[in-house]
Amino acid sequence: MSSASHTLRDDADANSSSMTKPEQPAVALDDSENPIHWSTFKKWLALVVISSGCFCASFTEPGMARDFHASHEVTVLTISFFILGLGIGPLVTGPFSEVYGRAIIYRVSYLLLVLFGIPLAIGPSLAVVLVFRFLQGLAGASFLSVAGGSVADMFLGPKVATPMAFYTASPFLGPTFGPAVAGFINQNLDWRWTFRICLVWMFCELIAILLFVPESYAPVLLKRKAARLRKETGDDNHWAPLDRRETSMGRMLYLSCTVPFKLLIFDRMALLLDIWTALLLGIMYLFFQVFPIIFEDGHHFNMQTTGLTFLSLGGGIVLALGTQPWWNRRTARVAKENGGKPPPETTLVMGQAGGVIVPIGMFMFAFTSYPHVHWIGPLISAAIFGTGMLFAFTATFTYLVMAYRPIAASAMAANSALRSTFGAIFPLFAASMYARLGTVGATALLAGLTTVMLPLPFIFYKIGPRLRETSRFAV
């Protein structure tokens, strides 16, 4: 009896084993579903909408200073608080986008940006403006970190360079066009109209995001496809990698949010690049504060004409963007020499050009800022400075996206946090520094700092491959 029962049980186990279906592989995206294979029009439409989300910026300190009887240093805090929010926000939005996806982050962030813009359009007190400007910075921060991840989602290899340059230019063009618009408004209308016009812009941007920016993060798209197939077929064997996570959602979010900090602590290449761009951004925002001193006080421009002088920086940025086809041809040549995959350090050659051009522009600006020198001199110098800045930042952002592709949003978040901290602090001592050293001395000091930093991109290019080999994050 015992032998017979064992035989029956073995036969049953064998039959059961033979009837068990092998586990299905994870679902895969079809070409039409994969953001890499979207049409060029669809990808660039999404990119243009995302980039324009970075564009809305304004400087309104003069009008507020008169209205609230506040000092220049206090009203500059409206800029510093906004930039500080831009620095803190990506530490959350970047990692969250790698769990929930990009689109939901854009939509929620821009909705909050619109809501926080309403109190600014009313502007009952300086305290309200400071608080909600900071909250706007937090809400708008996703466009400084998540956007880089979106570019990595949609473009591969050498093709990432032009979209990255286009995206990089947008947050720099905002602070150059913002004062031009604000100057006309502040001189002819109440300063609150600057924020009201921005509010209309942001509402239109929100509609465009809802219509033209689909989800592009592949792991989230796979998870949604698996859920759809399970619902349509009733077969629970359809799965995606995110479905098999061994940790809870809360734990996963916690781990994701620590990645930017780990990058800054443990990855030397990311830290070095982030420090370099942080110093450059701090100098740039401090540089913005000297325009009224030179053109209003020195050349006796009115407020709206002074606002227009910021466009010289924008002109330099656009000029730098126009050189992108040449850089693309160079990258394609290097890619051909490396089996179609150029090393990330290839992008740092553009950073080397930026490292040289930035101090040239600043020294020219310093020694053309005398009141007796024609005003076209500092404008040309500012354009040269803007060209160098875009080269430096495009090189850094493209490197981060290529070298840290799986965690591109977190890499950009770490960079944004550090550089925005510097960008928030530097403008606060601009007025006292220029009052003590004078426009020539203070600007020459900044030019000297950028000259000291000139070798950095050359060093990064040299040691980059070695640092990537020892990195726990770089690909």
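Yeah, the Cβs are placed from backbone N, Cα and C, and that goes for glycine too.
Keep in mind that TrEMBL annotations are predicted by a computer and have not been checked by a curator.
Quantities reported herein were computed from a predicted structural model and do not represent experimental measurements.
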Given ranges 1-28, 225-252, the stretch to which TrEMBL attaches the annotation region 'Disordered': 1-28
Cβ pairs under 8 Å between the transmembrane segment (271-295) and the transmembrane segment (108-132), at least three: no
Long-range Cβ neighbours of the transmembrane segment (416-435) (under 8 Å; 6 or more residues past either end): 72-73, 76-77, 79-81, 83-84, 86-88, 90-91, 94, 141, 144-145, 260, 264, 274-275, 277-286, 288-290, 293, 442, 445
Spatial neighbours of the transmembrane segment (379-404) far in sequence, C-beta under 8 Å, 6+ residues away: 148-149, 151-152, 160-161, 164-165, 167-169, 172, 176, 263, 269-270, 273, 276-277, 280, 284, 287, 309, 312-317, 319-321, 344-345, 347-358, 360-362, 364-365, 368, 410-412, 415, 457, 464, 468, 473-475
Proximity of the transmembrane segment (108-132) to the transmembrane segment (307-327), 3+ C-beta pairs under 8 angstroms: no
Sequence-remote partners of the transmembrane segment (348-367) [C-beta within less than 8 Å, at least six residues beyond its ends]: 280, 283, 287, 316, 327, 330, 377-378, 380-396, 398-399, 439-440, 443-444, 446-448, 450-451, 453-458, 460-461, 464
Confidence summary (mean pLDDT) of the domain 'Major facilitator superfamily (MFS) profile' (32-465): 86
